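Novice: One structure is given below, represented as structure tokens, and several questions about it will come after.
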Amino acid sequence: MALRGPLFRLLRTKFRNTLQQSRGQSVAVLGAPFSRGQKRRGVEHGPKVIRDAGLIDRLSALDYSVHDFGDLTFLTIEEDEPYMDVRSPRNVGAANKMLSGAVSRAVGAGHTLVMLGGDHSLAIGSVGGHAQQCPDLCVIWVDAHADLNTPMTSPSGNLHGQPVSFLLKELRDKVPDIPGLSWVKPVLTARDLVYIGLRDVDPGEHHYLKSLGIQYFTMRDIDRLGIGKVMEATFDHLLARTQRPIHLSFDIDAFDPSLAPATGTPVIGGLTYREGIYVTEEIHNTGLLSVMDVVEVNPALGANREAVGATASLAVDIVASALGQTREGAHTSMDEVPAVKEDTEQLRL
Ligand SMILES: NC(=[NH2+])NCCC[C@H](N)C(=O)O
Ligand SMILES: [Mn+2]
Ligand SMILES: [Mn+2]
């Protein structure tokens with residue numbers, strides 16, 4: 001008799017969690033302080049505020065060996081005229097080239113990598129570098145936006161609204177050669193990608209979502225199905241045939257702006273805290289997370305210090321949860337239990 005059903009799934013999940021924790025995996029953290037994929041300055045300070053909100057300690061507490069690679073240093077290219085309305089193409093191209101090399105090296109060295117942005121144009125380099133090591137990867141894109149405009153369909157000229165068009169093989173002929181970006185090779189097919197959280201999709205993006213048959217779950221789908229079914233369908237779509245590395249590209253604006261106010265393109269009606277954490281918990285439970293981007297945290301845009309702190313803490317929470325922090329609690333070894341008990345007893349005495 002084949003073991004199936006909820007009990008099997010529960011056991012499998014627990015077994016995997018135990019395995020992963022006991023292996024003492026290593027997590028690498030890499031900051032990418034870059035903002036030229038959009039017009040609002042400040043998002044380049046994302047890595048700093050996310051670190052200041054306690055990221056490294058939280059990951060160390062999860063029993064990982066944490067390697068903080070610090071922040072990349074992006075040199076500004078002064079002469080960078082827009083090309084067909086696309087802004088800062090040479091700076092975006094150069095930053096992503098550097099990022100893609102760094103991501104590839106970190107993954108190649110065996111780390112699970114957390115990339116802290118920066119704006120979402122960085123996914124070009126992050127997914128591209130990841131794919132150099134893991135050509136069979138799949139992408140879960142959690143975002144209010146599809147970031148699927150081509151330079152021709154973009155209403156804003158901002159490259160943070162376009163990275164997916166540069167990554168998709170099916171759009172190769174729709175994306176013109178742009179100065180600074182001609183080195184980018186598409187690494188994904190439409191089948192390798194699932195969107196979660198969409199609620200602000202431009203007409204050109206909607207056209208490509210439909211015509212390429214991309215699997216996506218809007219906020220309406222989450223309302224209708226519940227986040228549990230959405231995650232099941234996501235994994236069915238991406239992993240039913242083969243287990244393969246997951247690239248999670250998490251734009252903080254997927255969350256409702258009441259939870260993540262410090263971001264450049266907030267859209268009302270987003271993920272609740274519990275939905276967002278459920279997404280990352282489920283991704284952890286697959287045991288397949290390989291690279292995670294956390295992008296679009298912009299401390300210059302919070303109304304006050306609390307708003308910025310809340311957004312940065314939320315970013316830390318989703319990273320911790322994607323890497324195995326659970327709401328049910330966990331223990332790594334039985335030796336730790338008596339130690340805690342002794343302390344309590346001493347206190348009582
Ligand atoms: N990564 C983001 N926050 N992207 C917002 C994109 C907004 C809009 N769709 C555009 O292309 O300009
Ligand atoms: Mn977005
Ligand atoms: Mn985005």
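Each residue, glycine too, has its Cβ placed from N, Cα and C.
Note that TrEMBL annotation is computational and uncurated.
As the structure is a computational prediction, the values presented were derived from the model and not from experiment.
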Novice: Need one residue: from H111, H120, H284, the one TrEMBL lists with D143, H145, D147, D251, D253 for Mn(2+).
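Specialist: Looking through H111, H120, H284, the residue TrEMBL assigns to the Mn(2+) site is H120.
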Novice: Which stretch, out of 28-50, 327-349, is listed as region 'Disordered' by TrEMBL?
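Specialist: In TrEMBL, the region 'Disordered' feature sits at 327-349.
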Novice: Near H120 (Mn(2+) binding site), which residues of its own chain have a C-beta under 8 A away, given they sit six or more steps off in sequence?
Specialist: G37, D143, D147, H160, G161, P163, S249, D251, D293, V295, E296
Novice: For the binding-site residues listed here (D143, D147, D251, D253), tell me which residue's CB has the most neighbouring CB atoms inside 10 Å.
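Specialist: Result for the most crowded candidate: D253.
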Novice: Just to be sure I understand the packing, how many Cβ atoms besides its own are within 10 Å of the Cβ of H145 (Mn(2+) binding site)?
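Specialist: Summing over all protein chains shown, H145 (Mn(2+) binding site) has 25 other Cβ atoms within 10 Å.
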